[in-house]
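Q: Feature annotation from TrEMBL assigns domain 'Cation/H+ exchanger transmembrane' to 72-522. Summarising the annotation, TrEMBL assigns region 'Disordered' to 676-697. Look at TrEMBL and you will find 1-36 tagged as signal peptide. The annotation transmembrane segment is assigned in TrEMBL to 60-79, 91-108, 170-187, 199-225, 314-336, 356-380, 428-447, 468-487, 493-517.
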Amino acid sequence: MGSTSEMKAVAMRVWRRLPVHVFVLASSLCLCQCGAEEDSAMENIVTEKKAEESHRQDSADLLIFIMLLTLTILTIWLFKHRRFRFLHETGLAMIYGLLVGVVLRYAIHVPSDINNVTLSCHVNASPATLLVNVSGKFYEYTLKGEIGANKVNDIQDNEMLRKVTFDPEVFFNILLPPIIFHAGYSLKRRHFFRNLGSILAYAFVGTVVSCFIIGALMYGCVMLMKKIGHLQDDFFFTDCLFFGAIVSATDPVTVLAIFNELQVDADLYALLFGESVLNDAVAVVLSSSIVAYQPTGDNSHTFEAMAMLKSFGIFLGVFSGSFALGVATGIVTALVTKFTKLRDFPLLETALFFLMSWSTFLLAEACGFTGVVAVLFCGMTQAHYTFNNLSPESQDRTKQLFELLNFLAENFIFSYMGLTLFTFQNHVFNPIFIVCAFLAVFLGRAANIYPLSFLLNLGRRNKISSNFQHMMMFAGLRGAMTFALSIRDTATYARQMMFSTTLLVVFFTVWICGGGTTQMLSCQKIRVGVDTDHENSIGPDGVERRSTKQESAWLFRIWYNFDHNYLKPILTHSGPPLTATLPACCSPLARCLTSPQAYENEGELKNADSDLILNDGDITLTYGDIAVSTDGTGAHSSGVLMGGAAVNSDEALDRELAFGDHELVIRGTRLVLPMDDSEPPLTLDSHRQRHRNEFMS
């Protein structure tokens, strides 16, 4: 105890002898530590508050687009109810987007944040990520984009406008895939393949011709602007070609919707739809090939034959690779749905179909190919093969699901187009460039349609009439694909000018050309109210004609036979069993690949391809009890079926042709073709004469 008291006394004497500044230093250390902890806590609170405000702002931005779509849907219902056709839903969505963009740009002002600090430092490039050292703590800042010198003090307003400007990858990875897939999945294959040669010519040759004509005209415009001093930065010939590629992508969604509603001639619909579907894919690959053009040397914008050939090789490689990838994904999905029992669980089946289809786009982009081409041909493959393996519930679900996604994505994009006209902060509007662009787009479309139509008519039995050509020229609208390609890169002065001009081109074509579709149909005297499923279609000249195998390309006839006898039985439950088509040496493999359903469905055509082509040697047309047969040579005979015997009789033919249903017998499948009730009653003589003309021609 004594020793303890002595130690305390010594300690007290030592503390009394310490200088005063030691106590001050110790207390300061304690206060600094407490202050640092308080600053850190306050900083965390501020960060959480900003995160919460950002979350609310993002929710409000998405709510704006949801309200835009809701308002568009309600107005569409009103237009359909009142039968207004002068403005399509996409044009309406653009108008609503414009109105909201005006409000966001000029009516809403966000107060400045007093915590914002502007510091200047001179660097040679703009780094994508910036690390800032603040009192020993490192903070990461991400590049959001360039801000004009006159907008530095409006950072909050810039931030609000930037939040409603989506990352371009959102369009390519989320919004475009359902639109392109639906185009391939809902393709009317009968009319598409009947006009396949013409569609490929318009889509491939026409798009390339249009691209180079627009690029050459715009390069002349750029040279003129440079001479008169209206060009502020570099604009090379490759930039002009890139502009030609992106505005050559047509998207006549407005026209096609009106065509479908009015039931316009099926061949005209197929030509426009097929061209728009394929030329979107061609335009995407063509634009990427132009960007990949890199001649040797310091100047990357000079002409070099080897660099051009390399770009052409890239075009072929990317397109063929994307095509193969899309078809392969569709085949894998068909095999999975065929050899598994997924059809017993429609929800799982639909989910797998959806994921496999969407992953095609992402897989192609990740492999360096083009997702647009891949997902397009994946959709066509899924419709041709996989659809036959799905359960009835999944068939309905997949069609309705992608139709819904296509509708929402397309209207979202067009609403965003209107919004972007005011919220995009780096617009470059040049009147000379805009006027020249409209002129070049018009001439490029004309060079696509008229010369190719003339050449195609030299080999077509069913000619593309002049009124069809004028309608196709008028219907060359620009839309979602053109916008998505132009907004993907707006880093340079040239790309910003292209983007601003592209917006105006899309607005004009959708509002003016799309809105005038009905009037153009009347002006060109193009028939409407055509039953596209009726086998006896009426040509542009008003003459009734019947589809024959000569109207389909010989290459497609060969493909159809191969597909029906081998691919369909391998990938689906349809078609003849492989045991009946493969050689006897392959019978073990044939039994393995043929499903039990194929034996049950033998002799039946479960798909919609039975009307693609008449490819058998014998075709029998039955009118009630009257049978008219034609063989492969074109010879024909007719007779009355009485107790299984055919008796030739013109009187019986006249009697039976007067009324009744038409039946077309192909491959043992009986398709009933009802007569058009709107036709006036014909006399017996006219029935006999028309019947003879049909089979003697």
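Just so you know, glycine gets a Cβ as well, placed from its N, Cα and C.
Any TrEMBL annotation is an automated prediction that lacks curation.
Are these features on the surface or tucked inside, and what touches them?
A: When Cβ-Cβ distances below 8 Å are used as the criterion, the transmembrane segment (60-79) is approached by residues 85, 87, 89, 92-93, 96-97, 100, 163-164, 408, 411-412, 415-416 of the same chain, each at least six residues removed from its ends.
Taking Cβ pairs closer than 8 Å, the transmembrane segment (199-225) reaches residues 192, 231, 235, 237, 240-245, 247-249, 270-271, 274-275, 277-279, 281-283, 286, 430, 432-433, 436-437, 439-441, 443-445, 447-449, 452, 455-456 in its own chain, all 6 or more past its ends.
If you look at the transmembrane segment (468-487), the same-chain residues 6 or more away from its ends with a CB under 8 A from one of its CBs are 90, 168, 171-172, 175-176, 179, 245-247, 249-255, 265, 267-268, 271-272, 275, 280, 283-284, 287, 372, 410, 413-414, 417, 420, 441, 445-446, 448-450, 453, 495, 498-499, 502-503, 505-506, 509-510, 513-514, 516-517, 520-521, 524, 526, 540.
Within the chain carrying the transmembrane segment (493-517), a Cβ under 8 angstroms from the stretch's Cβ atoms is held by residues 85-88, 90-91, 94, 232-236, 239, 242-243, 246-247, 252, 254-255, 258-259, 414, 417, 420-421, 424, 426-430, 433-434, 437-438, 441, 474-479, 482-483, 486-487, all 6 or more beyond its ends.
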